[in-house]
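Trainee: Please see the structure below; I have some questions.
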């Protein structure tokens, strides 16, 4: 989740000195507020079916690559404390034109992030109120979110705090109820069952990799911790620690939740009626009748707040590009005199969000498309560590080889494997977007003779 910064003006980029008050524990909480804990349920059905009940192992893979990438992100944040973006790291350590292409790929994530929130909202509301189609629920959500951003209502940090507490509390309650259900003879009937993690008789490397790639969506935004480096008491030490600990805490919570879910419903992968909303079927099996309705309330509220924040971020990014001449200024640089918000950019973001309608029966495709840019970013932030510290700075001692070559290389390889296991449609659409960026880059730089334009991310 992100702070909703709706108000924009020509001095958007001015530097403001901030008090250094944030200690490590607050940085971790800030990071966790971006990784909504109930997201573990959003992809429960599709990943459980895809991996034949081995969502836990898929989460272990995802958590490992995210923690290694967080480690690399921390290293780069120290080397370039003001930069704060993967595309800048690639520009500085490898090549400016390559950095632009990486940034362009990640812009796709920014543009589509609201879409996944709309889709979850539509699927879940339709589950409870089937007389209204998924498409109409998506449209309703987009209208509400856009109205909030156009008017300029700001969700304060207190709302992020409430969402984090509510979603974490729901997950912990679910774990307790599931454990009680299993110990009472439900599901596997035991809390220790290794085949619920990895069943070698059913396991498929490609299926596990594809499941892990989809689960990347649940970790998106952990790097937002670097945004508050200026407010950290000890940014050099605390920011890298907070990045890793945030991913570790979230990963453990996701792993435990997926494991206890598999114990409670071992046959879920083969017997779910609708994997897109499989979480409701799971919640209905643990002898707690209030849980499905509670999940609907908590998760839909969280999705609306996330959509408001991510749509505001898209509008702000488009505004910055329009203001600086990268996009037509009359449209993208326009600010409503009445509301002092980038109304046209909000409408454009809303129209992009309507793509959720086309994924109403293809949640796997939507999640894979979101993961496309994220995995490219993961690959190149790890490559940047190798380029900066191992190649440029010659940190090649025993520990240097491990920290600046081996660990980022492992994360790179896993990220590439996961990327190749994304759905064919996600790769086709994603690569088409990258091709557009390549053509734009070639034209704007006189076929790579000039430095590329700066992306506002």
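Using the three backbone atoms N, Cα and C, a Cβ is placed for every residue, glycine included.
Feature annotation from TrEMBL assigns domain 'Amino acid permease/ SLC12A' to 29-425. Sequence annotations record features per position, and here TrEMBL assigns transmembrane segment to 26-47, 53-73, 98-121, 133-152, 159-182, 202-222, 242-265, 301-321, 342-360, 366-389, 401-422, 428-448.
Please go over these features one by one and say how buried each is and what sits next to it.
Mentor: Remote same-chain residues near the transmembrane segment (53-73) are listed as 44, 47, 196-199, 202-203, 207-209, 211-212, 215-216, 218-219, 222-223, 226, 240, 243-244, 246-248, 251-252, 254-255, 258-259, 261-262, 266-269, 378, 381-382, 384-385, 407-408, 410-411, 414-415, 418 (criterion: CB distance under 8 Å, separation of at least six residues from the stretch ends).
Tertiary neighbourhood of the transmembrane segment (98-121): same-chain residues 42, 85-92, 137-138, 141-142, 145, 217, 220, 299-300, 303-304, 306-307, 310-311, 313-314, 317, 349, 352-353, 355-356, 359-360, 363, 366-367, 369-370, 372-374, 376-377, 380, 430, 433-434, 437-438, 440-441, 452-453, 455, 457, selected by CB-CB distance under 8 Å and a gap of 6+ residues from either end.
Beyond the ends of the transmembrane segment (133-152), by six or more residues, the same chain brings 4, 6-7, 114, 117-119, 121-123, 125-126, 303-304, 307-308, 311-312, 315, 336, 339-341, 343, 346-347, 349-350, 353-354, 356-357, 360-361 to within a C-beta distance below 8 angstroms of the stretch.
Beyond the ends of the transmembrane segment (159-182), by six or more residues, the same chain brings 1, 3, 29, 32-33, 36-38, 40, 188-191, 253, 256-257, 260-261, 263-264, 283, 285-288, 291, 294-295, 298-299, 301-302, 305 to within a C-beta distance below 8 angstroms of the stretch.
Within the chain, the transmembrane segment (342-360) has long-range Cβ neighbours (under 8 A, six or more residues past its boundaries) at 8, 111-112, 114-116, 118-119, 122-123, 133-135, 138-139, 142-143, 145-146, 149-150, 307, 311-312, 314-316, 318-319, 322, 331-332, 334-336, 366.
Listed as Cβ neighbours of the transmembrane segment (428-448) (distance under 8 Å, sequence separation of 6 or more from its ends, same chain) are residues 97, 100-101, 104-105, 107-108, 369, 372-373, 422.
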Trainee: Determine which residues of the chain contact the transmembrane segment (26-47) at the Cβ level, with the cut-off under 8 Å and only residues 6 or more beyond its ends counted.
Mentor: 1-2, 55, 58, 120, 160-161, 163-164, 167-168, 170-171, 211, 214-215, 217-222, 224-225, 228, 232, 238-239, 242-243, 245-246, 249-250, 253-254, 257-258, 261, 268, 272, 274-279, 281-282, 295, 298-299, 302, 306, 363-364, 367
Trainee: Can you tell me which parts of the same chain pack against the transmembrane segment (242-265), counting only residues 6+ beyond its ends and a CB-CB cutoff under 8 A?
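Mentor: The answer is 24, 27-28, 30-32, 35, 37, 40-41, 44, 48, 53-56, 59-60, 62-63, 66-67, 70-71, 73-74, 77, 168, 171, 174-175, 178-179, 181-182, 186-188, 190-191, 193, 196-197, 215, 218-219, 222-223, 225-226, 281-282, 285-286.
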